[in-house]
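Okay, handing you the structure first.
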Amino acid sequence: MDHFTYRDGVLHAENVPLTAIAEAVGTPVYIYSRATLERHAQVFREALSGLPRKHIAFAIKANPNLAVLKVLARQGFGADVVSGGEIARALAAGMKAEDIVFSGVGKTRAELQYGLDMGIGQFNLELEEEGAVLADLAHAAGKTASAVLRVNPNVDAGTHAKISTGKSENKFGVPISEAKAIFARLSGRPGLNLRGVALHIGSQLFDLGPLEAAYARIGELVRELRGEGHGIDRVDLGGGLGVPYERDKVPPSPADYGRMVERVTQGWDVTLMFEPGRVIVGNAGVLLTRVIWVKPGVTHPYVIVDAAMNDLARPAMYDAWHDFEAVRPSGEKIVAHIAGPVCETGDTFAMNRTIDVVRSGDLGIFRTAGAYGATMASTYNSRPLVPEVMVDGDRFAVVADRIEPASIIAAERVPDFLQD
Ligand SMILES: *Cc1c(COP(=O)(O)O)cnc(C)c1O
């Protein structure tokens, strides 16, 4: 459920007509609904209420905007981060260091050190050598790093190849078959408290089967590790729950997921860590855009909008679907293609899509743009960096400025040898 609904024929975010935001801020612009964010956070938390010990760390790569993080911090969420920059953001949003999980396949020594200095609650190790380096850095600082080992359970999550992370050929985690040997070598090292295991098999999951199979394997691994004398008190179950990009394709609900987790983790006697991203923010955001032209096409017209692949990369990157709707729909429909102004054929949001009739100057939205949207934006084609707005009831605020090309040009230098 979200708070982007039509009232008197005009699409609103909570109580604010999107026409008002377009007028005040211009387009394209991302719009987040605070009430939707809060609702999603509460639904996810309630879905896990039957579990005795758990911690929810929002995967902030899905939407690292400070205002969004602030809302989630107030809901008691920590952060799952994958870089030093994301640590800085989580802390800036008021999240506690001990509530931060540091994932990421290529943490540098400097980032590990920064994480230690800040007192990060859990390091998710991606390889044995990383564990050894972390132990040494921590020991040298007179600290003990709390860590878990990310394993790759070799399951096919059944999602798009570019967001599948739990197959043996993917770059993430250590093969589950090697986990015991790595544990034996790393645990007991001064500076390291290796206390559990982690997994994350992919994103936009629509089938709980592969997740349940992966979790069951992890449960088996926990028993084996305990059998070898390791004290295991944490298991990180990752994120990955899908969201409905197309209204008639409904993913498993957080409640379905929670029931599955309760069933499969019965008797584990650990703190369960969760790293949801998309499911929290996906439907809490839309990308508002204005139609520049409706260009006649050979089969169907091209609706050329002022948002492009540099603002919302998912269609170009993952062949992703985003519903398009007019802000003031007339009720008429046409079949059209929707594309942005960037000089790439891939800058196409939809082909042969039945959409609301729109004309030059009309406003429209791409739905479900709150996750992996603004955060992947670039300035390709020297376009401005897209701004972000948060709505809260009757009010709204710009929560990220539009960065104009002039500011970006100002950060570039023409060297002496090119001055004439
Ligand atoms: C991306 C990622 C997540 C979040 O994935 P979603 O599909 O957005 O829920 C969680 N954990 C890790 C390690 C990730 O890389």
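In case you wondered, yes, glycine gets a Cβ from its N, Cα and C as well.
Marked as domain 'Orn/DAP/Arg decarboxylase 2 C-terminal' by TrEMBL: 31-370. The N6-(pyridoxal phosphate)lysine annotation in TrEMBL covers K61. Taken from TrEMBL, the feature pyridoxal 5'-phosphate binding site covers G240, E275, P276, G277, R278, Y372. The active site, proton donor annotation in TrEMBL covers C343.
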Let me make sure I understand the structure: which of the recorded positions listed (K61, R278) has the fewest other Cβ atoms within 10 A of its Cβ?
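So among K61, R278, the recorded positions given, the one with the fewest Cβ atoms within 10 Å is K61.
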I want the residues beyond G240, E275, P276, G277, R278, Y372 whose C-beta is within 8 angstroms of the mean position of the pyridoxal 5'-phosphate site's C-beta atoms, in chain order.
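Neighbours within 8 Å of the Cβ centroid, excluding G240, E275, P276, G277, R278, Y372: A59, A62, S203, G239, L241, V279, I280, A371.
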What count of other C-beta atoms do you get within 10 angstroms of the C-beta of G277 (pyridoxal 5'-phosphate binding site), across all chains shown?
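Step by step: centre on the Cβ of G277 (pyridoxal 5'-phosphate binding site), count other Cβ atoms within 10 Å, giving 23.
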What count of other C-beta atoms do you get within 10 angstroms of the C-beta of E275 (pyridoxal 5'-phosphate binding site), across all chains shown?
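Summing over all protein chains shown, E275 (pyridoxal 5'-phosphate binding site) has 26 other Cβ atoms within 10 Å.
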Within 10 Å of the Cβ of P276 (pyridoxal 5'-phosphate binding site), how many other Cβ atoms can you find? Include all protein chains, please.
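Summing over all protein chains shown, P276 (pyridoxal 5'-phosphate binding site) has 26 other Cβ atoms within 10 Å.
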DSSP on the residue listed as 'N6-(pyridoxal phosphate)lysine', three-state: which is it?
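Looking at the DSSP assignment, the residue listed as 'N6-(pyridoxal phosphate)lysine' belongs to neither helix nor strand, so coil.
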From the recorded positions listed here (E275, G277, R278, C343, Y372), select those whose CB sits under 6 A from an atom of ligand 1.
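Passing the 6 Å Cβ check against ligand 1: E275, G277, R278.
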Taking only same-chain residues 6+ apart in sequence, whose CB is under 8 Å from that of G240 (pyridoxal 5'-phosphate binding site), what do you get?
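Listed in sequence order: A157, T159, H200, I201, G202, S203, Q204, L205, L211, R278.
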Report, in whole Å, the straight Cα-to-Cα distance of the residue listed as 'N6-(pyridoxal phosphate)lysine' from G277 (pyridoxal 5'-phosphate binding site).
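Per the Cα atoms, G277 (pyridoxal 5'-phosphate binding site) and the residue listed as 'N6-(pyridoxal phosphate)lysine' stand 8 Å apart.
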In DSSP terms, helix, strand or coil for P276 (pyridoxal 5'-phosphate binding site)?
coil
Taking Cα atoms as reference points, rank the recorded positions K61, E275, P276 by distance from C343 (active site, proton donor) and give the first.
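For C343 (active site, proton donor), the spatially nearest of the recorded positions is K61.
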List only the single closest residue to the residue listed as 'N6-(pyridoxal phosphate)lysine', chosen from the binding-site residues E275, P276, Y372 by CA-CA distance.
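Of all the candidates listed, Y372 is nearest in space.
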